[in-house]
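Colleague: Before I ask anything, let me first share the structure, which is written out below as structure tokens.
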Amino acid sequence: MLRNTHLVLPFILYLLFRLSHFLLEVPTVRMIELAACHQHLRLDHGPLNEAACKTPPVQEHVSLVVGWKMTFDSIPGLMSILYFGTLADKSGHRAILRLCCVGYLLAILWVLITCLFHQVFPVELVLLSSLFLFIGGGQLVFAAVITAFVADLFPPPSRTKFLFLLAAMPHMDKVASPALATKLMEQNLFLPSLVSMAIVVICVALLQMSDVGRETAASKVVGSTSDQTEPFLRSSSNSSQESGTAAPAIDPEQARGPFRQLKNIICWVHREPVLFICYLCFFLKSNAMASEAFIFQYLSEKFGWPLRETTVMRLALSSGAVISTLIICPLANATLHNRGVASARINIGAVHASSIVLVASFIMAWQASSSTAFIFSMLAAGFGEGLEPALQGVLAAASQTKAKGSIFALMCTCSLLGDMTGGPLMSALMSIGRGGNGVSDGYCFLASALVFGAVIVLAHLLWALGAEEMLGED
């Protein structure tokens, strides 16, 4: 029973922690809107009609605060993820996960207090909630550490199957959270925040009561298989393989001056080409997926849907992703492994297949002539969400190390950088075609298809770099 608890608990933690985040997406905006509206109308208390808050000055104020909050919330994770990833390798995963929960709990509490007592605090003070995310690093660090823990917990033959299941957790939250948040907001606007805080407290309690995430947890659960390393894509230097740790990307003793740093980066790419390609794929995947942020606007603009009804796009995307990562990919992975197919062949095959699905889906979205075709294209795009866990399986095998916290921390950093650069790029492409009161031509979806085409090429390159090792890794 204890063994099964160790196996299941990381998935429960990830499901709950991500639910606490998605549950607050809409309520947080509404709380900020309410506080800003009271400030603009100079009302200290009493009921306020939501329609009165839809004036341009109030909405501009809300957009400014929400936009800056999103930016500030990403800074702690970006600045601290490598530190916490390395610390997780040294101190165990549980301590870092607990820190993430504490910091996020304080951030939720700060926003709640600021908006609840809007007659005392200016709404701009919600931006200070981002400071609490330096305690643990927030959602980004939690995702990196829990992924590293699952990768450490399971042996190579079954690792990717469980990474698929882990990837399904946030997609399940995306399906359930809108309806749950709506029901809670109907009772009280501040109730979703209280429920989210309770969920985070449950996560802390689960971490405190269990041994999950301790440094020795993987060896206790996996047994002798935890000492195995996959002879997959042996691009690491001999010294890094012998020591059981991944060679650092940049030597801190030698990284002095821009030319020396550039030289070290080039040497690392030459020494660890597979890791470099994996990180590049994570960057490109996040960059391409940035176009998904515009699907609601595109459905409303091109096909005349009311914006409030475009939430069906979230349901289509998440439903496809849940079916893919929870059912199709794990079953395919287990079936192929039982037939003796090497794990690395399965992983790279999943990267290749998922990328093809995404290319076809985004081309279909670009060429969609009806709202039904567009919705179907996004449902199909959800089936391509197996790309990320498949890449995680390749990365875990290629890292040649038991301490994967820093490896997956860098992975999340690349994904975040992809999000940050993809947003402005896709926004600019989305604006093409609007001249002369026209509608967008949807070139952002074509760009996404082209980027995923590049990922297909990189998947072939991964195969070329390690075909001999892959055929005999298991």
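FYI, residue positions are counted from 1 along the chain as it appears here.
Positions of Cβ are set from backbone N, Cα and C atoms, glycine also.
Since this is a predicted model, take the numbers as computed values, not measurements.
The feature compositional bias 'Polar residues' is assigned by Swiss-Prot to 222-244. Taken from Swiss-Prot, the feature N-linked glycosylation site covers N238, and the record attributes it to sequence analysis. Residues or ranges marked as region 'Disordered' by Swiss-Prot: 220-252. Residues annotated as transmembrane segment in Swiss-Prot, with sequence analysis given as evidence: 7-27, 64-84, 101-121, 131-151, 162-182, 189-209, 276-296, 315-335, 346-366, 374-394, 406-426, 445-465.
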Colleague: Counting Cβ pairs under 8 Å to the transmembrane segment (189-209), which of 7-27, 131-151, 162-182, 276-296 comes out on top?
Modeller: 7-27
Colleague: What parts of the chain pack near the transmembrane segment (131-151), using Cβ distances under 8 Å and only residues at least 6 beyond its ends?
Modeller: 10-11, 13-14, 17-18, 21, 73-74, 76-81, 84-85, 88, 93, 96-104, 106-107, 110, 159, 162-163, 166, 212-213, 217-218, 392, 396, 404-405, 407-409, 411-412, 416
Colleague: So, do the transmembrane segment (346-366) and the transmembrane segment (445-465) meet, by the test of 3 or more Cβ pairs under 8 Å (sequence gap 6 or more)?
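Modeller: Since 3 or more Cβ pairs under 8 Å link them, the transmembrane segment (346-366) and the transmembrane segment (445-465) do come into contact.
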Colleague: Do the transmembrane segment (445-465) and the transmembrane segment (276-296) come close, with at least three CB pairs under 8 A (pairs 6 or more apart in sequence)?
Modeller: yes
Colleague: Under 8 Å for C-beta pairs, could you tell me which stretch among 7-27, 162-182, 276-296, 374-394, 406-426 has the largest tally with the transmembrane segment (315-335)?
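Modeller: That would be 374-394.
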Colleague: How about the transmembrane segment (162-182) and the transmembrane segment (406-426): at least 3 CB pairs under 8 Å, pairs 6 or more apart in sequence, or not?
Modeller: no
Colleague: Sequence-remote contacts (6 or more beyond its ends) of the transmembrane segment (406-426), Cβ cut-off under 8 Å?
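Modeller: That would be 74, 77-78, 81-82, 84-86, 88-89, 140-141, 143-145, 147-148, 151, 246, 249, 275, 278-280, 282-291, 293-294, 392, 395-396, 399, 444, 447-448.
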Colleague: Are there residues at least six beyond either end of the transmembrane segment (64-84) with Cβ under 8 Å to its Cβ atoms? List them, or say none.
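Modeller: Result: 28-29, 32, 36, 96, 99, 103, 107, 123-124, 126-127, 129-131, 133-134, 136-141, 144-145, 405-406, 409-410, 412-413, 416, 420.
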